[in-house]
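Per Swiss-Prot, these features apply:
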- 67: active site, proton acceptor (ACT_SITE)
- 12-17, 90, 98-101, 163, 196-198: 3'-phosphoadenylyl sulfate binding site (BINDING)
- 43, 44, 45, 46, 132: substrate binding site (BINDING)
């Protein structure tokens with residue numbers, strides 16, 4: 001199968017993990033360094049930053065990841081050549097908490113945590129974070145790659161994958177992705193999962209730092225690079241920031257907004 005195959009996800013949804021497993025599956029080898037993930041399943045934003053971009057009409061299958069919403073102008077070049085989309089979706093509650101950890105903000109710094117939570121709830125996503133660009137709000141991103149995807153990519157087939165299901169049954173869910181993308185048979189799926197556990201990815205991240213290779217962790221003002229790979233926490237309470245934060249988030253989940261709609265649709269309206 002020729003054409004563009006997108007691994008689309010909102011930031012902090014587990015995209016690096018899925019890309020690592022796909023890279024290991026395709027190559028049949030462990031991913032030894034952080035740049036190996038980018039080499040295996042490139043992130044479009046990283047390519048654009050380096051002045052590169054895939055062909056708009058590839059004569060082979062191309063796996064490409066992005067946090068962009070599907071309707072971003074830069075993606076119009078791939079309108080006709082996009083064949084498949086894997087949309088990776090994570091509980092927005094946990095994505096928000098993952099951002100706090102990524103920024104090196106401990107739960108004890110309640111004021112800083114509250115600021116991120118209040119902004120996330122108000123924006124329904126990360127638009128004010130200024131780490132990424134073009135990702136839109138959480139519901140905008142999901143809608144663009146699922147319900148509205150054919151407005152941007154009329155020929156695309158779509159597979160939605162929940163991060164939580166990938167954590168619960170990584171072999172089963174990775175096989176669904178591999179089969180959907182027509183990458184090959186089931187042989188190699190178990191090895192790809194074993195090669196990309198969170199522990200292995202932490203080791204890979206640290207090894208890459210020691211080798212002076214680029215990783216994704218943010219830099220502190222003191223020049224220390226924070227770890228990118230966390231523990232993949234799920235369904236954590238927001239009450240450590242105050243009952244008002246938990247209530248504000250609950251109100252967002254149970255409103256009549258697109259955020260509430262997609263939270264209900266994917267099982268996050270707890």
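Please read every residue number as a count from 1 along the shown chain.
Each Cβ is built from the backbone N, Cα and C atoms, and glycine gets one as well.
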Give me the CA-CA distance between residue 14 (3'-phosphoadenylyl sulfate binding site) and the residue listed as 'active site, proton acceptor', in Å, as a whole number.
11
Hey, how far is residue 101 (3'-phosphoadenylyl sulfate binding site) from residue 44 (substrate binding site), Cα to Cα, in Å?
24
For residue 16 (3'-phosphoadenylyl sulfate binding site), which of the three DSSP-derived states applies: helix, strand, or coil?
helix
Cβ atoms within 10 Å, counted per site: which of 14, 46 has the most, among these binding-site residues?
14
In Å, rounded, how far does the Cα of residue 198 (3'-phosphoadenylyl sulfate binding site) sit from the Cα of residue 44 (substrate binding site)?
23
So of 43, 67, 90, which of the recorded positions has the fewest other Cβ atoms within 10 Å around its own Cβ?
43
Are any of 12, 16, 99 (the binding-site residues) within 10 Å of residue 44 (substrate binding site) when you go C-alpha to C-alpha, and if so which?
none
